Structures are given as C-alpha cells and as structure tokens.
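Structure record follows, encoded as structure tokens.
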Amino acid sequence: MTQTLTKSFLQMKHDEIEAEVNISTVIQFVLLGFSALPNLQGILSALFSVIYMIILTGNCLIILITRLDHTLHKPMYFFLANFSSLEICYVSVTVPRILFNIWTQDRNISVLACAVQMCFFLMLGTDECFLLAVMSYDRYVAICNPLHYPLVMNSKKCTQLAAGSWLSGIPIQIGQTCWIFSMHFCNSNEIDHFFCDIPPILKLACGDTSVHELSVYVVVMVVAAFPFILVLTSYSKIIATILRLPTAKGRAKAFSTCSSHLLVVFLFYGSGTITYLRPKSMHSPGTDKLLSLFYTIVTPMFNPLIYSLRNKEVIVALRKLILQK
C-alpha cells in the first residue's frame, strides 16, 4: 500500500515537472496554415499573391482618386480613403505571413511575433468596426439632415472622427493581447490556423480558459456589437427618411449612396461575429480557417469593387484619371 502511494506521488511529481518543462519550452509556435494541402501549395501561393495585389491596387486607386479629383473632396470620400488605408494595413498583417510560410515552408513564429501579429490584427479590426460606424453616421447626417450636413460634418469634425476610429483599438487590444499571452501554453505549440488569432491560441493554453473566453466576449461586445448597433440605428433612420421622399428617383439615388456601405458592413460584421462569439466547443480548425479567410481576405478584396462599381462619382473620377494618363 505504501509502495503504491509512493509510486503515485512520484508519478504526480513527474507529471508536474514535465508540465513545467513543457510550459517553459514553448518559446515559439508553429503556424500550420495550409500544410494539410501539400499538393496545392503552388496554387495557394499564386491565389494569395493575386488577391493581395488586387487588394493593394484597388484600395490605392481609391485613395489616389479621392485625393486628385476635387469633386470627391467630400466627407463621404474622406472616410472612404481612410477605410481603404485601413484595409491595406489590415490585410498586410496576415497575407504576407501566409505567403512567407508557403514560399519558405518555415512555419515557426516566435511567441513575441505571434503576440505582435495578433495585437495589430485586433487593433485594426477594432478600428474598422468604429470607422464603419462613423461612415454610417456620415450617411445619416447627409440624408436625414441635409441642410445641416456642411456644418455638422466640417473638416475638423471629420478629422476628429477619423482619428478617433484609428486610435480606438489601441488601448483595448494591447490590454487584451497582454492578458491572453500572460497564460502558460503547454498543450502544444502548433497553431492550426494561418495567423495568430484568439480561438486557436486559447486552445493551446494550460488549465481553465473560461475567464479569458469571457473577456473576449466582453471586448467583442464593446468593439463590435456597440458600433454595429450604431450602424443599425443610423440606417433605420436613413431608410425611414428615404421612404418618405416624394419621388422614386430621389429614393433610388439615396439608396444607391448607402447600399455599398451597408453591404460591406454585413459582410465584415457577419463573419467576424460568428468567429468570436461562438462557444469554444463549437470551434473547429476547418470552420475557423474558412470564416477567417472570409473576413480577413475575401471581404477586403471585394470592398474596392463594391465601392467603385456601385458609385457613379467614383467611376467618373476613375475614368478621368485613366484618360489623363
């Protein structure tokens, strides 16, 4: 009996020491990414390269024409240029790393580099949420209070709203990233994802992560749900105002200025909310990657097309730019 207890005690000590060793040795992670598709690495490399170039080219064109064409020197296009700049930064946090991993087949990433990538991704995602809310507010003032629009949305106010959107995510997401990476990682060092995101990182943590999961839900409610409510409030009032317009032509013109923004809002918020508000038990690597691809790469690729093809002023400005060249 004594020998059995002694053996059990020694085994427990051995397991504790082994766990501590595992915790201390996790100094880098391995981003598995798309390593499960070895025969498609060349195709994936070409696909992500083309998508990245489309995103950069499309958003740079929007920034260029909103600066060069004086007819686009309006608050709506000022915010659109900020949104395009934000999209370039947003995709540049993840896509170059994906391409590096595919090209070199070196999937190692240090804990610090992983934390930095997550922090910038979350900060820029938060900035995008608030900027979309600001853009909806701009449309609300333009359609519901057109006479006061030049006074309310003056250059100083626009600059303050844009700066607030860019800076809003910094304190929140730095705090959240530090909170997540204060955990010990002992389950594995393999991240079954193509970038350092919260759900796959939490899977590697030792012990109970329920407090950290709760903190993620709270932060998502603050940085995503709150701006989304502002967007819905703005557009409910916009739609009510549009329906009261006397002519069908006026209603069509008002809807056309809002439909592009509304489409982008639902694409971004829809996939992002599903990812971060699902319970941990419902997360699976395949589903997480698919949803993440949608809101990190696919949506930013379509945004320039949505804003340009559905906006006559942007199309006219783009034509003038091409003809001048």
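Every residue, even glycine, has its Cβ placed from backbone N, Cα and C.
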According to TrEMBL, which stretch among 129-153, 254-278 corresponds to the feature transmembrane segment?
254-278
Highest-contact recorded stretch vs the transmembrane segment (290-309), from 43-65, 77-100, 214-233, CB pairs under 8 Å:
43-65
Positions on the same chain near the transmembrane segment (214-233), where near means CB under 8 A and six or more residues out:
125-126, 129-130, 132-133, 136-137, 168-169, 172-173, 176, 179, 198, 202, 265, 269, 272-273, 276-277
Contact set, same chain, for the transmembrane segment (43-65): CB under 8 Å, 6 or more residues outside the stretch:
34, 37, 72, 80-81, 84-85, 87-88, 91, 95-96, 98-99, 102-103, 297, 300-301, 303-305, 307-308, 314, 317-318, 321
